[in-house]
Amino acid sequence: MEQQQQQQQLRNLRDFLLVYNRMTELCFQRCVPSLHHRALDAEEEACLHSCAGKLIHSNHRLMAAYVQLMPALVQRRIADYEAASAVPGVAAEQPGVSPSGS
């Protein structure tokens, strides 16, 4: 059980780092047009702050929607699984009826 928790934590960390790296790359490409200076100028810094803030806000909204929809998705998957499991059982319970219908 502990190993599963560690694997889940590693997956969560990997997912976080992928999102972070993608956000960093996207904002850097948008906001830093040249690398002629060692330091960011005020305009670049403001752009990066705005870009990162927008992406973080969007990510929070997506996660909130995901958390809200997740119980319904799980219930639907359970119902689909139960329905799919019940279909082969019905044909097996009826003697003389083949599953292919012939």
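Heads up, the Cβ atoms here are built off N, Cα and C, so glycines get one too.
Feature annotation from Swiss-Prot assigns disulfide bond to CYS27-CYS51, CYS31-CYS47; the stated evidence is similarity to another entry. Residues or ranges marked as motif 'Twin CX3C motif' by Swiss-Prot: 27-51.
The C-beta environment of CYS31 (disulfide bond), restricted to residues of the same chain at least 6 apart in sequence and closer than 8 Å, consists of GLU44, CYS47, LEU48, CYS51. Taking all protein chains in view, 19 other C-beta atoms sit within 10 angstroms of the C-beta of CYS27 (disulfide bond). Averaged over the motif 'Twin CX3C motif' (27-51), the predicted model reaches a pLDDT of 93.
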